[in-house]
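Engineer: Handing you a structure now.
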Amino acid sequence: MLIRLLTLYLRPYARSITAVLALQLVQISATLYLPTLNADVINNGVLPGDTGHVLRTGGVMLVLTLVQMVCAGTAVYFSARTAMALGRDLRADVFSHVQTFSVREVGRFGAASLITRTTNDVSQIQTLVVMVFTLMVAAPIMGVGSVLLALRQDVSMSLLLLIVLPVLVTAVTLIVSRMGPLSASLQQRVDRINKVMREQLTGLRVVRAFVRDEHEQSRFAAANNDTLAVSLRLGRIQALMMPTVTIVMEFSSIAVLWFGGHRVDDGTLQPGTLIAFLQYLTQILQAVMLAMLAFILSPRARVCAGRIQEVLDTPSSVVPPAVAAPPGPSGGLEIRYVAFRYPGAQEPVLHDVSLTARPGRTTAIVGSTGSGKTTLLQLVPRLFDADEGCVRVAGTDVRDMDRRTLAATVGLVTQRPYLFSGTIASNLRYGNPEASDEELWRALEVAQARDFVTSLPEGLQAPVAQGGSNVSGGQRQRLAIARVLVTRPAICLFDDSYSALDAATEARLRRALAEERADTTIVVVAQRVSSVRDADRIVVLDEGRVVGSGTHDELMDDSETYREIVLSQLTEEEAAA
Ligand SMILES: Nc1ncnc2c1ncn2[C@@H]1O[C@H](COP(=O)(O)OP(=O)(O)OP(=O)(O)O)[C@@H](O)[C@H]1O
């Protein structure tokens with residue numbers, strides 16, 4: 001998974017990568033050649049007392065060291081740039097793919113996990129990329145080169161490598177193989193911390209109102225400590241790496257000095273050759289160590305790549321049509337035999353639901369809590385797709401409509417409207433950036449929000465905090481209604497959108513809406529009977545089924561469920577009035 005992701009995302013940076021590889025090659029060649037020159041200085045300069053040879057070769061060594069430094073620095077610069085660019089591309093792709101998700105996919109991953117995957121997981125891969133460029137490429141070349149050059153210095157002493165290398169590789173493999181599962185578990189713990197944090201910040205007012213600060217703190221501490229425990233377990237295994245390599249390195253050096261020392265004594269090995277051999281041995285073990293550093297990071301990056309790829313490979317359950325059909329001339333809404341079940345739920349929440357809402361008419365949907373009203377409305381702009389049956393907008397199945405056309409035709413004011421950080425104007429123009437100030441004021445007037453906005457010193461430019469947290473619930477609802485009206489949709493869906501308005505404001509709003517949007521299809525979900533009794537048609541939902549349909553008077557006669565709802569809010573006289 002990691003390789004697949006890296007191959008795909010590094011392709012555009014082939015030039016930078018080639019530069020990094022070339023620079024690494026020069027740097028490593030210099031590193032590899034230096035011990036040979038060192039042996040030469042000792043054997044042919046220092047021992048015979050040839051100062052000229054020492055100065056000449058020493059000069060070459062100095063130049064090589066400078067080249068090595070410049071190349072290493074430049075390679076790190078290019079590696080870091082490439083890794084940053086890769087991170088940006090990955091984040092952009094994950095973000096734009098998540099944008100295509102329906103509520104179903106977002107629910108499957110969870111918002112917190114999607115945020116971790118777009119940020120923390122991408123950073124892990126970036127870090128690995130820098131490591132791969134600076135260490136993983138250099139390490140094998142340096143390792144193999146050092147082995148060859150060590151062999152060239154002295155074959156019999158090189159036999160020692162036959163013992164040292166297998167020991168080292170086995171130890172490293174054992175350690176790294178235990179890190180994989182722990183890394184996966186660590187990323188899940190990071191997800192959990194984000195989830196708890198997000199939930200607590202969103203529900204801050206509830207936490208304060210119920211004085212549950214301590215409970216929330218302990219919930220966060222549990223998630224935090226859990227992450228710490230996994231990090232420590234991972235850290236303990238990682239910590240084994242360095243001592244293992246150091247012990248092997250020290251024992252090998254002692255062995256080289258022991259055997260080499262005897263051979264220098266015998267006169268079968270020159271002191272310079274022994275020092276060069278020791279340097280190559282150190283370089284070989286350093287190469288293994290460098291590769292290991294990358295290995296330490298790779299299990300976590302592998303897990304992160306898997307998590308990112310999982311998001312990228314998940315198709316949206318709301319598929320755009322191959323060829324979009326144009327909306328028909330009629331602006332109405334038809335829902336036919338629709339059934340829907342939430343993912344993972346045992347039972348469907350909608351069964352065989354049909355209704356028709358005509359242009360210029362108001363259709364109301366009523367029903368007890370949890371009867372499926374919101375779910376039904378969400379099928380119209382395709383926040384979900386129905387499992388059975390179809391939803392037609394202006395005569396065309398919504399699944400055959402282009403996303404933009406559908407969005408321009410259907411305006412949904414959600415039950416809990418969300419405002420973005422910015423200004424009132426930027427929020428109102430969210431669906432129609434071209435709208436003039438005049439159009440904004442008109443929409444505000446219909447939504448009964450004109451007075452409130454006028455009273456603000458900055459008017460349309462008044463700031464709105466994230467989520468609309470600096471306006472009241474009723475003001476937020478009215479701004480959300482105005483935002484939909486600015487797009488002038490043929491079908492307006494109001495999901496319990498009047499709940500925070502007082503009865504007089506609601507009546508004014510409904511009147512203004514009827515006048516302003518005389519040819520619009522209006523569908524209203526409401527809990528208050530007063531909000532629906534004047535509707536042209538009222539559809540009664542009960543446990544996801546249509547159990548009645550008609551005007552208020554017809555339903556009072558025909559529908560037991562409707563009568564129960566009405567009489568729970570009004571007296572017999574009020575209901576009949
Ligand atoms: N995302 C979801 N995943 C699983 N089940 C859900 C989800 N959203 C809603 N439900 C369930 O579907 C049923 C219908 O919910 P829905 O929100 O459509 O009801 P409603 O009639 O709009 O209720 P209310 O009047 O309280 O807003 C409920 O039983 C609810 O628990």
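Cβ from N, Cα, C; glycine included.
Pulled from TrEMBL, these are the listed features:
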- 12-34: transmembrane segment (TRANSMEM)
- 19-300: domain 'ABC transmembrane type-1' (DOMAIN)
- 54-78: transmembrane segment (TRANSMEM)
- 127-151: transmembrane segment (TRANSMEM)
- 157-176: transmembrane segment (TRANSMEM)
- 240-261: transmembrane segment (TRANSMEM)
- 273-297: transmembrane segment (TRANSMEM)
- 333-568: domain 'ABC transporter' (DOMAIN)
Engineer: Have the transmembrane segment (127-151) and the transmembrane segment (240-261) got at least three CB pairs under 8 Å, pairs 6 or more apart in sequence?
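Structural biologist: Between the transmembrane segment (127-151) and the transmembrane segment (240-261), contact is absent.
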Engineer: So which of 54-78, 157-176, 273-297 has the most C-beta pairs under 8 Å when paired with the transmembrane segment (240-261)?
Structural biologist: 273-297
Engineer: Report the mean pLDDT of the predicted model across the domain 'ABC transporter' (333-568), rounded to a whole number.
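Structural biologist: Mean pLDDT for the domain 'ABC transporter' (333-568): 89.
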